[in-house]
Amino acid sequence: MHDPFFIPPIPWLQRATAPVAEVLSLPSLPYHIHEVLVGSLVYGIIYYPLSPAISRLFFSSHYNKLSRARRLNWDAHVVSLVQSCLINALALWVMFTDEERKTMGWQERVWGYTSACGMVQGLATGYFLWDLIVTSRNMDVFGFGTLAHAISALAVYSLGFRPFLNYYACNFILWELSTPFLNIHWFLDKLGMTGSSIQLYNGFLLISTFFSCRLVYGTYQSYLVFKDVWSAVGAHPDLTYFVDKEVSAHTMKFATENSSVPFWLAVAYLASNITLNSLNSYWFYKMIQALHKRFQVTSTEPQGEAKMPGKSTALKDTVSQSRLRHVTSVKSEPELDVVI
């Protein structure tokens, strides 16, 4: 499938990127460097000036009172919300429409490439490039942990331009299907809507998408990628197998008879994947814990009151209803801000 990005590759930018791509062994990068840079630029514009302008227009009573650090964090969440919605929609569209991708075998899934998957990968890389720039300029706000996440995510997505596991770019992007709900949850907290009905319903969506997309679907995709990478370690693509297949020959255009998966690359990729899966389980536990504290039901009926003679049953009904409506905001717990 051809790259559907609205801006075609820019020849002079391709030529300028080619020497760096050759040194880093990233041959498909020049075809998508414009998407990396455009994506990073667009996210930067959303971060400033769009997010501050829109936030002052619609949430002036709250946004104008925020400190510098909290405003930066707010604006970063706006970018994260936009990016997660955009990249998820694009990944799903490519998965359903890219016919080249649908016919890939294990060799193509490891060494193969389609322009549409490269676009998704390029835009995701652009986001993490923006993330790295903003985080490194505001270390006092975002901290070392966020910087480490930005560096590692940028490195992992950049390795895909070898190309390496280009097929799986869309699959693992779908981990982010829960991120819009996480950001909405965060904004509801900041707008004083902690414990509201809308946060409760959003919480159900957050938990269900996180569990299904990250823990179930994500773990299954990790198993598949482990299987493919294990098959590729110490092996080389059998290019004669693809000679008579026009579609497959195109998807393997960056592969050579010397292409391989270095042991260090396999270990690094699989180790990071295991780490992220472990973190997903930990984050899921923390989300359940945090949501439970936010929406735990509290009793307002004194002990033994139901046994007092002459008490109206209507009073007991009123107390029971108030239990269902009453929710407690736990202000001492950590924010649900762990998966962005």
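Here, residue 1 is simply the first one shown, and the rest follow in order.
Using N, Cα and C of the backbone, Cβ positions are placed for all residues, glycine too.
Annotated in TrEMBL:
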| type | residues | note |
| --- | --- | --- |
| TRANSMEM | 31-51 | transmembrane segment |
| DOMAIN | 69-296 | domain 'TLC' |
| TRANSMEM | 72-95 | transmembrane segment |
| TRANSMEM | 110-129 | transmembrane segment |
| TRANSMEM | 141-159 | transmembrane segment |
| TRANSMEM | 165-188 | transmembrane segment |
| TRANSMEM | 200-220 | transmembrane segment |
| TRANSMEM | 263-285 | transmembrane segment |
| REGION | 301-320 | region 'Disordered' |
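The stretches the transmembrane segment (141-159) and the transmembrane segment (200-220) are not in mutual contact, being linked by fewer than three Cβ pairs under 8 Å (pairs 6 or more apart in sequence). By number of Cβ pairs under 8 Å, the transmembrane segment (31-51) is matched best by 110-129 from the list 72-95, 110-129, 200-220, 263-285. Per-residue pLDDT, averaged along the domain 'TLC' (69-296), amounts to 91 for this model.
If one looks beyond the transmembrane segment (200-220) by at least 6 residues along the same chain, the residues whose Cβ comes under 8 Å of a Cβ in the stretch are 172, 174-175, 177-178, 181-182, 184-185, 188, 277, 280-281, 283-284, 287-288, 291, 294-295, 327, 339.
Counting same-chain residues at least six beyond the ends of the transmembrane segment (110-129), those with a Cβ under 8 angstroms from any Cβ of the stretch are 1-5, 28, 31-43, 79, 83, 86-87, 90-91, 94, 97-98, 100-101, 104, 150, 153-154, 157-158, 160-161, 163-167, 169-170, 173, 228-229, 231-232, 237, 248, 251-255, 259, 261.
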